[in-house]
Structures are given as C-alpha cells and as structure tokens.
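Trainee: Please read through the structure below; I'll follow up with questions.
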C-alpha cells in the first residue's frame with residue numbers, strides 16, 4: 001500500500017470515526033433534549049392539571065358558599081298603612097315560587113303595631129337579625145307620609161346597625177305584564193298597586209275584584225288580558241252602561257308573541273268599617289261608639305242602637321263590594337279577594353264567593369323582591 005493510500009485510508013477512517021462520533025453525539029444530544037422536553041411538558045401538564053383542579057375546587061367551594069348564603073338570606077317586607085304597620089320576615093329562597101292559582105303566604109313570621117308603638121319594632125327586628133343575620137333587602141309600601149317614613153328609616157338603622165338596602169315601592173305605569181289604568185299612574189295609592197301586583201302574579205288568569213278592608217276600604221279591579229277584540233277596553237259603569245276607553249292592545253301582543261297584558265282598571269274608596277262607625281259617634285250627640293269587634297252580620301233591621309249602627313255600616317260596606325262584583329261579573333267569571341285588618345268583620349256580611357288573604361300588600365312586595373333578586 002502506498003503512502004497516499006495509507007493517508008486516504010487513515011483519512012477515511014478518521015472521517016468515518018468523526019462522522020460516527022458526531023452522529024452519536026448528535027443522537028445523544030437529541031435524545032437528551034427530547035427527554036428534557038418531554039419531562040418539561042409532562043411537568044407542565046401535571047402542574048396545569050393540578051392548578052386547574054385546584055381552581056375548579058375553589059370555584060365549587062365559592063359557588064357552594066354563595067348558594068348557602070343565598071339560601072339562608074332573608075328579606076323584610078313592610079306595609080305602612082294609615083294607622084298600623086304590618087311586617088313580614090321571609091326566606092329569600094321562598095320568594096320566587098311560581099304561580100299556582102292560589103294565594104300563598106311566603107313569610108314565616110311577622111307582626112303589626114299602631115304608629116304610636118313603632119319604637120318597639122327595632123327590638124323585634126334586632127332579635128331576628130342576631131339569630132339569622134340582617135336582611136339582604138327591605139321592601140316597603142308606605143301610604144302614611146314622609147314623617148312615618150323617616151321614623152321607619154331610623155328604626156331600620158337602629159335594628160341592623162346601619163341602613164340596609166331599602167326599596168320604597170311606588171305606583172308606576174306598569175310592572176311586568178300589569179298596566180296601571182289610572183289617568184295619572186303615580187296618583188294610584190301604592191298599597192293598591194302593590195296588592196294588585198301580588199294578586200295578579202299568583203292568579204294570572206281571569207278578572208279580579210280586590211277588597212282591602214283597612215282604615216279605608218278599597219275595592220279594585222284587575223282585568224284579565226283581553227281576547228284581542230278590544231272587549232276589555234269597555235269600562236263597565238256601576239249602575240249604568242259601558243263606554244269604550246281603549247282596547248285591542250293585546251291583539252298586537254298576541255301576534256308578536258309578547259306576553260298578554262292585564263290592567264289595573266281602578267276601583268272605589270270608601271271609609272273603612274271602623275272609621276264609618278266612629279264618625280257617627282264623633283259627629284252626633286247621642287249615638288254611641290261601636291267597636292269593630294261588635295260588628296257582625298245582624299238582622300235586616302236591628303232592635304237596638306248599637307246593632308243598628310253595626311248593621312248599617314256593614315250593609316254599606318257589603319253593598320259597595322257586591323255592586324262592584326255585579327258590574328265585574330257581567331264581563332265574565334271573576335274572583336273576589338278579601339284582605340285587610342277588618343276582613344273577618346266584612347266576611348260575614350258578604351253573599352258573594354270570596355277568598356281571604358292575610359295581607360295582599362305584603363304578598364305584592366314579596367313578588368317585587370323576588371323579581372329584583374332574579375335580575
């Protein structure tokens with residue numbers, strides 16, 4: 001072998017060795033890099049999975065805590081009338097019950113007192129808050145004016161260690177699918193409006209005659225959605241003929257798929273039973289004061305003065321209610337709802353079918369609170 005061949009052989013061997021070494025080195029490097037990359041990827045994936053699981057667990061815990069807080073939350077409802085304040089303490093979770101065609105009582109405790117005894121309420125509310133926590137919200141209907149409203153505001157701050165979220169209801173042009181038929185919607189008494197909201201929500205079908213027997217007796221009509229022929233635009237006159245004011249709006253609602261609308265058509269206001277009997281005693285020389293507890297369904301003509309006063313005032317109340325009922329039922333089937341502090345006294349004097357409810361104003365406030373909570 002020549003020197004040149006030796007050199008070529010050596011060079012070739014060296015080149016092959018170098019190439020092999022380089023290839024092995026590259027392979028080792030690549031394998032190492034691949035292993036490192038795989039390890040890093042696995043570690044990252046494991047870390048991400050662990051972090052994601054931890055985040056999901058934290059979210060589940062937070063959601064459970066929020067659900068528990070909501071489930072245990074309470075709402076305070078307050079109906080401030082002309083002479084008394086009525087209140088109810090509700091579980092927030094119970095407020096959103098769907099309509100069943102019956103009138104529920106969604107509160108589990110409550111009370112009432114005259115305006116002169118309002119100061120006693122702070123202690124009652126504070127005891128409930130100490131046991132269950134302050135309410136998440138307070139919903140109020142007030143027809144007693146700004147002085148009483150300010151006093152109630154102060155009571156709430158005293159009872160709960162600071163003013164809670166307070167919602168003062170007011171009469172508006174509409175609420176949900178109920179339209180306010182008053183010429184000036186804001187002039188409708190807020191108690192009548194809120195009572196109509198409560199009744200219509202839970203009794204969504206048919207016409208309603210809503211009687212609230214309090215300091216004043218109010219007799220209100222909520223008309224069912226019309227049939228699209230304008231029939232519910234006809235205002236039935238008590239003792240007279242009908243006149244057409246408006247109608248047909250639900251025909252366009254039906255064609256567009258919008259919910260059919262009911263209307264708070266208006267009503268009557270007269271002195272309440274106690275006020276009516278008391279006015280006779282205050283404004284005559286010899287007629288005695290008759291208490292509401294003495295009022296009962298008497299004979300058509302009484303044989304003593306006290307019974308004559310009670311019978312006459314009951315007949316006046318019942319007559320107004322039954323006159324309104326007669327006008328409403330000419331339109332079709334209806335339901336009469338009887339509420340208010342004097343409801344039991346009036347119940348015995350009525351000859352029409354009716355359903356009692358403890359407090360339709362508080363029921364309406366519960367509906368408003370539930371709808372606000374669901375937004």
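From the backbone N, Cα and C atoms, a Cβ is placed for every residue, glycine too.
Annotation comment: TrEMBL describes 79, 80, 81, 82, 83, 84, 85, 86, 215 as ATP binding site. Feature annotation from TrEMBL assigns substrate binding site to 182, 189, 190, 191, 192, 305. Feature annotation from TrEMBL assigns active site, proton acceptor to 191. Annotation comment: TrEMBL describes 223-259 as region 'Disordered'. Feature annotation from TrEMBL assigns compositional bias 'Low complexity' to 239-259.
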Trainee: Take the C-alpha atoms of residue 189 (substrate binding site) and residue 81 (ATP binding site) and report the distance between them in angstrom, rounded.
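Mentor: With the alpha carbons as reference points, the distance is 11 Å.
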Trainee: Same-chain residues six or more away whose CB lies under 8 A from the CB of residue 79 (ATP binding site)?
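Mentor: Set apart from residue 79 (ATP binding site) by at least 6 residues yet with Cβ under 8 Å, we have 85, 86, 87, 140, 141, 191, 359, 361, 362, 365.
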Trainee: Among the binding-site residues listed here (83, 215, 305), identify the one with the smallest other-Cβ count within 10 Å.
Mentor: 305
Trainee: Validating a neighbour-count step here. Other CB atoms within 10 A of the CB of residue 192 (substrate binding site): how many?
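Mentor: By my count, 26.
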Trainee: Cβ-Cβ under 8 Å from residue 81 (ATP binding site), same chain, 6 or more residues apart: which ones?
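Mentor: Long-range Cβ contacts: 143, 144, 191, 214, 215.
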Trainee: Provide, as an integer number of angstrom, the distance between the C-alpha atoms of residue 182 (substrate binding site) and residue 83 (ATP binding site).
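Mentor: It is 25 Å, counting Cα to Cα.
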Trainee: Around the ATP site recorded as 79, 80, 81, 82, 83, 84, 85, 86, 215, what other same-chain residues have a C-beta within 8 angstroms of the site's C-beta center?
Mentor: 112, 115, 143, 144, 214
Trainee: Please give the maximum pairwise Cα distance, in Å and rounded to a whole number, for the substrate-binding set 182, 189, 190, 191, 192, 305.
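Mentor: It comes out at 40 Å between the most distant Cα atoms.
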Trainee: Where does residue 79 (ATP binding site) sit in DSSP terms: helix, strand, or coil?
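Mentor: For residue 79 (ATP binding site) - judged by DSSP and reduced to three states - the answer is strand.
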Trainee: Residues with Cβ closer than 8 Å to the Cβ of residue 190 (substrate binding site), same chain and 6+ apart in sequence?
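Mentor: Looking at Cβ-Cβ distances below 8 Å from residue 190 (substrate binding site), excluding near sequence neighbours, one finds 141, 142, 143, 169, 170, 171.
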Trainee: C-alpha of residue 83 (ATP binding site) to C-alpha of residue 305 (substrate binding site): distance in Å?
Mentor: 27
Trainee: Where does residue 305 (substrate binding site) sit by DSSP, helix, strand or coil?
Mentor: helix
